């Protein structure tokens, strides 16, 4: 049956067995920290080492059965432990001669001791190879043990081999080899147990003197020492203790008493308070592994390096265990963060994650080297921060999506009136618009004529003139709100302390700021895209309203074409309209275009650190990225789709410092926000209005818009050339010099012919006028001569001639006949016959109407509606009814007048002499 209280750690062949850590965990030894000790025993084979340990520490190492003969019993190295549980219940020490020097510190707790039973030396089984294993086991024991028991027989004192002189020399050489470089190395207790000692043979002091002088000091003098330890004394490295033990068989009772004294001496006098090798219990197994592997490889065994190696290994192991324990909590919160905003993240991260992880880590890791412990702790924190960063990113992504949507809605809402009101500008027929300059408010136009079209127009112009200012201030507010939310994600860390006695309030604190760049980049890019999108939409609306205004103004050209008599007058009139439109647009809308139009070559704005420059250049991180480029292309680039914007965004990658202008970013990120951000965009815009080059380019741009609208108008005129010719013809043919209708029955055929010829020439003169065969400044740069297509002219001529001939034939008919077409000429008999033949139909219609009871309900319903409206005072419905009655009566009257006109035209003409 296997004894669970002991385990083999090194087998006979010198291989380390890997179950030591499991054995220590099973026996609850791993949680001891430094509160344990290690004792090893060295001595000749079959010298009673295991028997001594079993009696001294209540262990169960295998012992030799002498009845079966002498043989090797302990093979390799074995480990057991003693928790001294019996001593905790034994309150009396009267039977001991030992004064418990360290008992006051361990009144209720006695640190357990790990006991290392080492294979005996001078073994015939190992033969010639024994020295190698003996040296290795001695080296291993000294690296681990607080105390090394050298077991020897009294009757062997004076012998070389039997007295373990060679073993002792090996021990001292190995110890010097291990600790000669370490000035503050722990002293190893060399406990000589003299077996089968009798007081009658020699006092213990004599034996002690003999061992110290003839063995220890002699060997120490013979050792080759390094420069560091050349002048060192044996007492600098060892504590020498000698005890005598009575014969275990002859004087068994005395032997047991000696054992008990030695046990108490170890517990209360010799035993260090903590493990002198400064290796925590949870790292002891790994430390043994490292030491033995280094010895086997015949490498230089450096204890500090081994301790550092162990500290690194154990701290990493503890760190990984902590991460494994806490990762599930973080992962659960991570899953939640994908679906919702994590409230109270700061408190949760500080208390439930960081503080809990640090406490769990330092509970075990604080026992190892401070530098390595703290270094690994920083790695632990870094790993936690990496995992928490994902939750922070999710939180900030929720924040940026909300802020991005809010930015877009607010900017859209601010310009909703401009989007809904698409009427043409009224300033064409009025004085110049006085645009209110915007100061710090996002919209300073609330008191301007809300219900009037003129008031809405001024409000729109004011908003457009301050678009960049509004966007800049709204951007500042949005980013400031983002950082307010971001600060809720920063965590405060109490600087870790290895000392358990340090008060938390006295410990230094530091903040960890998570990375916000990704979320801020997305937000800035979204702001950039939304601003450019809304800017593009508003620019298109502005241009469309200008075009509708130009179109409205060009309607006057239709009337001019009827009366114009020469090409110069026609084109001078058109040029006057163009100049008038250009002046009005420049005076009232230039600031709007500088705000809304991309690609305008400015001086102050493009070279400054402001939103305009960033919007007019290739932006990667939204409004903040600025390249000092100037764009002079005046093509219609007001609208760009998202794909085009994404292409621009992917073209440049820059640092976060170029996200926003430095002044704005500095104010936002300051802890003390006493300073207020003031946008300088409007000041720069006002400076730009004095830029002659900009004025020239703006006027050129306005001219292009006007000429484009003029071309469209001229195309309409070209397509309507036939009707224009006909209208010009009728204006001369049907009316005399004083604009009175001509009485064709009073005009002779020759006069009619002359009037027709003059009217026709006047009508077709418009073709030559529209061909622009003269030079007109400004218009010549955009419109060539003979711009009307020949085919259109020919088709218009054919259509116009046909209609002109019809008009002329009607006039000739009236001139020749002078007849009147009237209902009065219809015979009475016709109406009688119509009534007789249609009588059945009239009756059928009347019967159907009354059978369906339509007339009476309609009449009653109409009366009820009128009465209810009068009673309730609903003037709007009464107004509608009044309008309907008026329209019906008016149409009946017009129909009557039309019949009268036809009757007069068909009267019989008088004879012309």
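Start at 1 and count along the chain as shown; that gives each residue its number.
Any Cβ shown, glycine's included, is placed from N, Cα and C.
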Of 805-825, 826-846, the range Swiss-Prot labels transmembrane segment: 826-846
Listed range which Swiss-Prot flags as transmembrane segment, given the options 850-870, 871-891, 892-912: 850-870
Long-range environment of the transmembrane segment (826-846) - Cβ separation under 8 angstroms, sequence gap at least 6: none
43, 44, 45, 46, 47, 48, 49, 50 excluded, remaining Cβ within 8 Å of their centroid (GTP): 120, 151
Structural state of residue 50 (GTP binding site), classified by DSSP into three states: helix
Cβ neighbour count within 10 Å of residue 50 (GTP binding site): 23
Coarse DSSP state, helix versus strand versus coil, of residue 44 (GTP binding site): strand
